[in-house]
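Chemist: For reference, the structure I am asking about is given below.
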Amino acid sequence: MCVRSCFRSPRLQWVWRTAFLKHTQRRHQGSHRWTHLGGSTYRAVIFDMGGVLIPSPGRVAAEWEVQNRIPSGTILKALMEGGENGPWMRFMRAEITAEGFLREFGRLCSEMLKTTSVPVDSFFSLLTSERVAKQFPVMTEAITQIRAKGLQTAVLSNNFYLPNQKSFLPLDRKQFDVIVESCMEGICKPDPRIYKLCLERLGLQPSESIFLDDLGPNLKEAARLGIHTIKVNDPETAVKELEALLGFTLRVGVPNTRPVKKTMEIPKDSLQKYLKDLLGIQTTGPLELLQFDHGQSNPTYYIRLANRDLVLRKKPPGTLLPSAHAIEREFRIMKALANAGVPVPNVLDLCEDSSVIGTPFYVMEYCPGLIYKDPSLPGLEPSHRRAIYTAMNTVLCKIHSVDLQAVGLEDYGKQGDYIPRQVRTWVKQYRASETSTIPAMERLIEWLPLHLPRQQRTTVVHGDFRLDNLVFHPEEPEVLAVLDWELSTLGDPLADVAYSCLAHYLPSSFPVLRGINDCDLTQLGIPAAEEYFRMYCLQMGLPPTENWNFYMAFSFFRVAAILQGVYKRSLTGQASSTYAEQTGKLTEFVSNLAWDFAVKEGFRVFKEMPFTNPLTRSYHTWARPQSQWCPTGSRSYSSVPEASPAHTSRGGLVISPESLSPPVRELYHRLKHFMEQRVYPAEPELQSHQASAARWSPSPLIEDLKEKAKAEGLWNLFLPLEADPEKKYGAGLTNVEYAHLCELMGTSLYAPEVCNCSAPDTGNMELLVRYGTEAQKARWLIPLLEGKARSCFAMTEPQVASSDATNIEASIREEDSFYVINGHKWWITGILDPRCQLCVFMGKTDPHAPRHRQQSVLLVPMDTPGIKIIRPLTVYGLEDAPGGHGEVRFEHVRVPKENMVLGPGRGFEIAQGRLGPGRIHHCMRLIGFSERALALMKARVKSRVAFGKPLVEQGTVLADIAQSRVEIEQARLLVLRAAHLMDLAGNKAAALDIAMIKMVAPSMASRVIDRAIQAFGAAGLSSDYPLAQFFTWARALRFADGPDEVHRATVAKLELKHRI
């Protein structure tokens, strides 16, 4: 897939190396003391182990988490838990055994993930395995050169004992004069004593040594003692910095090479004869052959013969996929582009005679330079990083500007339809290497052909254009050579641009291709993907494309297909990458990324569709042929095809829970089981608590059920995918998917809170996700998501008709660095709960502004002085403890300015954005109320006899049951339609449908529940059954989030507007 190697004239190699060394030395002059070429004042180099000599626990953890589908960052968080007194640090000081550490560590991870067990034993095994715990070759070479110059070397490591009572030190001890391990000394870095101990054993002063570590606190303490320090983000970059300090080179070999793997060996004798004939060499000296350790597709070798430095690139052995590994095309394109001013390697010859080394190959000259494998470019200044990415962008523009006829490449590929052909090609490649079914790949295979962009231009496309396929000048941000042209052809240049931004969307821990998604790009000086794309368009004189998400989805789909091919070849030992065997699970990870972009593209398309006539617009454009996965007689409005059950609900109108996608259907059944086994049986006790003297304190049983719901993965299900596309906070469900689960939760008064899906918290959390700053999210959103806090929303006022939000009179006045609140609010749901920590307050900041720009929203901590609760309010006599509904005065409540949401005057906008999802959630739950009421009614009338026959045989009862079923089904379809439009077009475009269901659902539920109460007789009025409470809240919801009259008026106005 890529080859991170260097090519060009061998005469430049020594020049570049020397120039780079001098350049690096100049950068450090003035800040470090050293003498050039071996005359250094430093007498020892001290190395940390993890992250410096071998992979760090953090990087191993990231790989393990991907493989085991553990949330990213879990292991590191658990390792840091407890600080100096946590299990990890105590393990490092040998205060607990390996068994004790794994026991405590496993418990910590399980508590964090709210699950029964986390396989930490397998993480520890991976961390200490021979496969992972290998010393970096660049460090081995550096240590050899340091010792050859007469300097001492030491290891200073926070380390631990293995179960066999031996310390974990997978290093050759002969490389070091001194080894200091925390587990043997009982003290850990950054304790200054351990540094002093190391220096004492070396017999040196702090200023005579250099210390390399990957952790800031360890380096800070060493520097405080006077030791010179180097922070290690990347071993190769660290070695370059070490070279500059010591004044002599530490790398005498060829970068990024290793001995040839046994399965990749080629016959040297016949190769040497071929090269002698090609180059006209008479010498009989030996041929040196090394393998580049990064190529994952076409094996690539370094060759040194008679002072000539060459690179050989060949097809891999074995049966190959059709049209793959076309090295002859690589040779042709590089030879042609060299004449067009594009920096490419100097190719020498193409040999298609397989008898020479077993497969066809070509030879080119080796070019030294810098290959940046880490896209975060550690060790560089922000301005230099930006210049590197700018140079990368410029050379891509140069490739896309090549005159095809002038260089003889007009027949290098087919003209037009590049993306459709590529989709077919990669689908075929994937199918040929498929080893198991990957749901996201199946969805993409059907989605991509249906959303193809129109190709505007045809140019040379590289096909694998990335930072690590470029050779840079050692001193200047200049591209010397573009490598790995295996996938090049004629096609859509935007595919190259998107592919070059892959790293922007991948995490830095991704094993095969490091990313920068979790880096602060502004601080690093690296342009964001959007800016990089604008830069390209500006240089090429093109308008920005609108369907960027499609190109990213396609790019990640290609990567997934390539990874799958590498994985399959690894099963037979044919893949040359050291990561090949890991790629099986990585394929699924990347395909999910691709699908996320496909979902974003779907949202973009639907948001841009005209919705001027919502009641009459046609949906047939997005309708697909009838699928076996759709219920009989129903119609699908999905933006993706329904041929596979893996994606029937993704943006589709799914009427039955059984038609949900398999993961969501499984979630639905898990929730149903939880309701039956946990929630319904607990209802009597929970109802008793609400009527007891302790009712204003949370029920311990509720808290216990919450923990069980978390452990079952039934937590924070409400956040819609559109508001949280990266699934950082919620389950990533669409509104349609959540509608089915919310209805199920609505069958119990207590289930929404048990699953952290109850109002007003859901609306407040979505408000923070959509509009909150990062600081506001950290303070308020996270505790709410974790269920550690509750909240309320203060809007309604007793002195005005609050159904018109512009009537609100509460004032928000600016004073110094605060806002001062004064106002009288009531019906503030949840404010009486002792867990309530946040009040989302709506008031007027500017009474003279335009009518809908007067209001603002503030986040008010509940412990702020001046908040006075006057009384709890009852609904038909029900207190709804412990949250209740309060009447409250806010008197001179001072709130920091940073607690303003979005800014002054944005309150009406925020309230509308919050109320849309809140309204539909209420309606979803009302469907659940109604279903439970009807189920209770049916059971009741089957068991009671009146006037000589069962109630179920009475005609009026049968009529009531039939009427209830019809009304529930009608309302459910309207709710699902509104949810569907919210998914496809957004909350604003679905305003009419939301108004209709808010008008319909409460009245429908009231009628259905009333019929059930009538069937129960006096028992229906009691607290023995949930019917009375169901009826109370159904009636109350004709006011909450806007009275029926407001919604009727909205529907009527839109009807008149669009029908006349």
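A Cβ is built for glycine as well, from the same backbone N, Cα and C atoms used for every other residue.
Pulled the feature table from TrEMBL, pasting it below:
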DOMAIN    289-503  domain 'Aminoglycoside phosphotransferase'
DOMAIN    670-788  domain 'Acyl-CoA dehydrogenase/oxidase N-terminal'
DOMAIN    792-893  domain 'Acyl-CoA oxidase/dehydrogenase middle'
DOMAIN    905-1053  domain 'Acyl-CoA dehydrogenase/oxidase C-terminal'
Chemist: Among 289-503, 670-788, 792-893, which stretch has the highest count of C-beta pairs below 8 Å with the domain 'Acyl-CoA dehydrogenase/oxidase C-terminal' (905-1053)?
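Modeler: Top-ranked stretch among 289-503, 670-788, 792-893: 670-788.
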Chemist: List the helix, strand and coil residue totals of the domain 'Acyl-CoA dehydrogenase/oxidase C-terminal' (905-1053) as derived from DSSP.
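Modeler: Summed over the domain 'Acyl-CoA dehydrogenase/oxidase C-terminal' (905-1053), the classes give 122 helix, 4 strand, 23 coil.
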Chemist: Using DSSP, tally how many residues of the domain 'Acyl-CoA dehydrogenase/oxidase N-terminal' (670-788) sit in helix, strand and coil.
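Modeler: When I sort the residues of the domain 'Acyl-CoA dehydrogenase/oxidase N-terminal' (670-788) into the three classes, I find 72 helix, 2 strand, 45 coil.
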Chemist: By DSSP assignment, list the helix, strand and coil residue numbers for the domain 'Acyl-CoA oxidase/dehydrogenase middle' (792-893), in that order.
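Modeler: Reading the DSSP string over the domain 'Acyl-CoA oxidase/dehydrogenase middle' (792-893) gives 6 helix, 53 strand, 43 coil.
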